[in-house]
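Engineer: In case it's useful when we look at the structure, here is the feature table from TrEMBL:
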- 95-115: transmembrane segment (TRANSMEM)
- 143-163: transmembrane segment (TRANSMEM)
- 175-195: transmembrane segment (TRANSMEM)
- 201-220: transmembrane segment (TRANSMEM)
- 259-280: transmembrane segment (TRANSMEM)
- 319-339: transmembrane segment (TRANSMEM)
- 351-371: transmembrane segment (TRANSMEM)
- 377-401: transmembrane segment (TRANSMEM)
- 408-429: transmembrane segment (TRANSMEM)
- 449-473: transmembrane segment (TRANSMEM)
- 518-622: domain 'STAS' (DOMAIN)
Amino acid sequence: MASLAVETGHQEIHDVERNGPAEKAQWVLNAPEPPSLWQELTGSVRETVLPHARRFPTFKDKGSLSKTVISFLHAIFPIFCWCRNYKATNFKNDLLAGLTLASLCIPQSIGYATLAKLDPQYGLYTSVIPPLIYAVMGTSRDIAIGPVAVVSLLLSSMISKLVDPEAYPIPYRNLVLTTTFFAGIFQAGFGLFRLGFLVDFLSHAAIVGFVAGAAIVIGLQQMKGLLGITHFTNKTDVISVMEAIWRAVHHSGRRNRKLFWLPAIAPLISVVLSTLLVYLTRADKHGVMIIKHIKRGLNPSSVHELQFNSPHIGEVAKIGLIVAVVALTEAIAVGRSFASIKGYHINGNQEMVAMGFMNILGSFTSCYVATGSFSRSAVNFSAGCETAMSNIVMAITVIISLELFTRLLYYTPIAILAAIILSALPGLVDLHEAYNIWKIDKLDFLACAGAFIGVLFASVEIGLLAAVTISFVKILIISIRPGAEVLGRLPETDIFCDVDQYPMAAKNPQVLIIRVKSGLLCFANANFVKEKIMKLATEEEEGSKGKRTPQAVILDMSNLMNIDVSGITSLVELHKNLASSGMELAITNPKWQVIHKLRVANFVTKIGGRVFLTIGEAVDACLGAKMAAV
């Protein structure tokens, strides 16, 4: 048996040796056709819905149908996976974390609803349905779902330009709910079709700057509640807010300030104590603004309040897209940070689907856009949560509060809500991270600074637009003007590397090896890449000074993921230009989509079939051809 194994091993080695460069090149050229765009889309949906199935099931597959259904349920509802091993000790920790979370969530939700220019109960509604849906569909164990400051500011600043929330509160609320529906549709679509890369256009650096600027604007806007200002600006830029505060303070000399100190100390005391003090002292009669009525009961249906026939529907959909991206970016960043600490993995696409469905169903039940809150998630983590059950406990606690305790919040001062929002803002301004971004990448810092300055001095939309624009410009600069590196062989190896990065790499004077540093050769960069390669070939020829000039140019395509018609046209022109200079063109290691398109365009035939699997084989073939010609 041992001798048979040895013989088999020798036979395999001989088989590999018999596969010369020409046969290996056929491996590249005879690859099957890559999947079409439709197949990729359906594959993306299948991987999201049925991650463990190779194909969609049919009714003929009776044996595997039940397994497919179970796999489908586990994929869409991760709660079925972790609830099987759920124990009493887990529930004890989740119960404690959920109750702790609720104690912070209830006042914050009311505060964020006022920031979104909605009635207080809408913040509580948003802390009921979305957390319950996320607990069933989400993959993070630590994230706490509900309204957040940045999204609330986004909604109030953008929708208030369409409808005045003070003059027309009901139409304004309806547009907020419609925006929530569109945000959910976009989020679910990103997850189902694996379009999460669109969220990445709002880079980490842009988010750091945007959130820091928004935190300062939110803090300044809370002066309305802390100072008891009745007439305040709807604008969000820092100059307009400061002007409104100055006007209010300048004209407040005749106010009764006997009990004005109560709102000022509201951040130091609990909501319960502040409400009790206002009630006992009747501070509301002396200028202290209070919440007053909060509607009692569970979330009412809001299906008929969605405004799909509104003249602003286009703007609402655009706002929904912006809010969807910002909310997803914040939630996924929060979820991944805590998942890395605890050592588990979250499914990004499933997170998007969960966020989308919770906001779609939330829009049907009087909720506005919910996402993962960093401050509440940190509390949830510190309280020792084990699973998403803590979100369920929190939601049940909020339900009980809506049913039993809303009347007790009548005398809660607006100032305590402003103070609660202010207390959550310092963690949003991350100066250390901004400094790290500056050290690592100056263009990223420019996006960070653009978002910060835009939000602070113009508006939330301008800040986002500045951040995305700078990020796009960075991508365009890298894509339109990609680098090209000359490769050489490292001593005593078959490894080819950039001669500038590895000075010890030796170039072959008869063969010029070039690698394009771009993942896409397209209309935007094809001409630049062609001219760059020709320039390198010309410099190499002129620098030879009587020595052997390059007889061939080998183009390493290992970095190239795809190519379009313009890219192929530029390669054809490159081949003609090199041929007129007496140089051949060869390509190595083209990816699946690339070689398929080059074959269809008949480019492989035009270059004489000089397609190779590795650079070493291409070098040997080019040198051997020249020796044979001599």
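Yeah, the Cβs are placed from backbone N, Cα and C, and that goes for glycine too.
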Engineer: Please spell out the DSSP helix, strand and coil residue counts for the domain 'STAS' (518-622).
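Structural biologist: Counting residues per DSSP class in the domain 'STAS' (518-622), I get 54 helix, 16 strand, 35 coil.
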Engineer: If you average pLDDT over the domain 'STAS' (518-622), what do you get?
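Structural biologist: On average, pLDDT over the domain 'STAS' (518-622) sits at 87.
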Engineer: Counting Cβ pairs under 8 Å that sit 6 or more residues apart, are there three or more between the transmembrane segment (351-371) and the transmembrane segment (319-339)?
Structural biologist: yes
Engineer: Could you check if the transmembrane segment (449-473) is in contact with the transmembrane segment (175-195), meaning 3+ Cβ pairs under 8 Å among residue pairs at least 6 apart in sequence?
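Structural biologist: No, since the transmembrane segment (449-473) and the transmembrane segment (175-195) share fewer than 3 Cβ pairs closer than 8 Å, they do not count as touching.
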Engineer: Using a Cβ cut-off under 8 Å, which residues of the same chain at least 6 positions beyond either end of the transmembrane segment (143-163) come close to it?
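Structural biologist: Sequence-distant neighbours of the transmembrane segment (143-163): 101, 105, 108-109, 112-113, 115-117, 123, 126-127, 130-131, 134, 171-172, 175-176, 179, 210-211, 214-215, 217-218, 221, 234, 236, 312, 315-316, 319, 322-323, 326-327, 330-331, 334-335, 338, 358, 368-373, 376-377, 379-380, 388, 390-391, 394, 421, 424-425, 428, 459-461.
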Engineer: Which bits of the chain, at least 6 residues beyond where the transmembrane segment (201-220) starts or stops, bring a Cβ under 8 A of a Cβ in it?
Structural biologist: 115, 149-150, 153, 236-238, 241-242, 245, 325-326, 329-330, 333, 421-422, 425-426, 428-430, 433-434, 437, 441, 444-445, 447-456, 460, 463-464, 467-468, 470-472
Engineer: Against which stretches of its own chain does the transmembrane segment (175-195) lie, if we need a Cβ under 8 Å and a gap of at least six residues from its ends?
Structural biologist: 41, 44-45, 47-49, 116, 118, 155, 159, 162-163, 302, 305-308, 310, 312-313, 316-317, 319-321, 323-325, 327-328, 348-364, 366-369
